[in-house]
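Listed features, source Swiss-Prot:
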{"type": "MOD_RES", "residues": "ALA1", "note": "N-acetylalanine"}
{"type": "DOMAIN", "residues": "38-73", "note": "domain 'EF-hand 1'"}
{"type": "BINDING", "residues": "ASP51, ASP53, SER55, PHE57, GLU59, GLU62", "note": "Ca(2+) 1 binding site"}
{"type": "DOMAIN", "residues": "77-108", "note": "domain 'EF-hand 2'"}
{"type": "BINDING", "residues": "ASP90, ASP92, ASP94, LYS96, GLU101", "note": "Ca(2+) 2 binding site"}
Amino acid sequence: AFAGILADADITAALAACKAEGTFTHGEFFTKIGLKGKSAADIKKVFGIIDQDKSDFVEEDELKLFLQNFSAGARALTDAETATFLKAGDSDGDGKIGVDEFAAMVKG
């Protein structure tokens, strides 16, 4: 799904680094997968993949399964990790993350 945007080796390394529950931090993950240095267009493409229901927002249930976008066998985020991730990205407080909020969080 991320072919041409992200390197498989970077994804594998990023997933390995947060395999244990409670070890996921979005900033570290975005850095490890090489997303921070990508163009706005590429970040928007990644957002489109994570936005499973194509609502133009990433909601809490989609964040919980965030890692599974990168590998089907990856774990779900814990409730605490999901809440922290949502809070970090939801700058307008509407309970979901839009594409501009996502881009700001990635670049953060």
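Positions of Cβ are set from backbone N, Cα and C atoms, glycine also.
Location within the structure of each feature annotated in Swiss-Prot.
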residue	record	DSSP (3 states)
ALA1	N-acetylalanine	coil
ASP51	Ca(2+) 1 binding site	coil
PHE57	Ca(2+) 1 binding site	strand
ASP90	Ca(2+) 2 binding site	coil
LYS96	Ca(2+) 2 binding site	coil
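Take the Cα of ASP90 (Ca(2+) 2 binding site) and measure to each of the recorded positions ALA1, PHE57, GLU62: the nearest one is PHE57. Proximity of ASP92 (Ca(2+) 2 binding site) to non-local residues of its own chain (separation of 6 or more, Cβ distance below 8 Å) is seen for GLY98, GLU101, given in sequence order. In sequence order, ASP51, LYS96, ILE97, GLY98 are the residues of the chain that are 6 or more apart from PHE57 (Ca(2+) 1 binding site) and have a CB within less than 8 Å of its CB. Taking the centroid of the Cβ atoms of ASP90, ASP92, ASP94, LYS96, GLU101 as the Ca(2+) 2 site, the other same-chain residues with Cβ within 8 Å of it are PHE57, GLY89, SER91, GLY93, GLY95, ILE97, GLY98.
Rounded to the nearest whole angstrom, the C-alpha distance between SER55 (Ca(2+) 1 binding site) and ALA1 (N-acetylalanine) is 18.
For the pair formed by ASP53 (Ca(2+) 1 binding site) and ALA1 (N-acetylalanine), distance between Cα atoms is given as 15 Å, rounded to the nearest Å.
On the 0 to 100 pLDDT scale, the model's mean across the domain 'EF-hand 2' (77-108) is 98. Here the CA atom of GLU62 (Ca(2+) 1 binding site) lies 16 Å from the CA atom of ALA1 (N-acetylalanine).
The C-beta environment of GLU62 (Ca(2+) 1 binding site), restricted to residues of the same chain at least 6 apart in sequence and closer than 8 Å, consists of ILE50, ASP51, GLN52, ASP53. Straight-line distance linking the Cα atoms of GLU59 (Ca(2+) 1 binding site) and ASP94 (Ca(2+) 2 binding site), rounded to a whole number, equals 10 Å. Residues within less than 8 Å, Cβ to Cβ, of ASP94 (Ca(2+) 2 binding site) and separated from it by at least 6 positions along the same chain comprise none. For the recorded Ca(2+) 1 site, residues ASP51, ASP53, SER55, PHE57, GLU59, GLU62 set the reference point as the centre of their Cβ atoms, and the other residues of that chain within 8 Å of it by Cβ are GLN52, LYS54, ASP56, VAL58, LYS96. Looking at ASP53, GLU59, ASP90, the binding-site residues in this record, the fewest other C-beta atoms within 10 angstroms of the C-beta turn up around ASP53.
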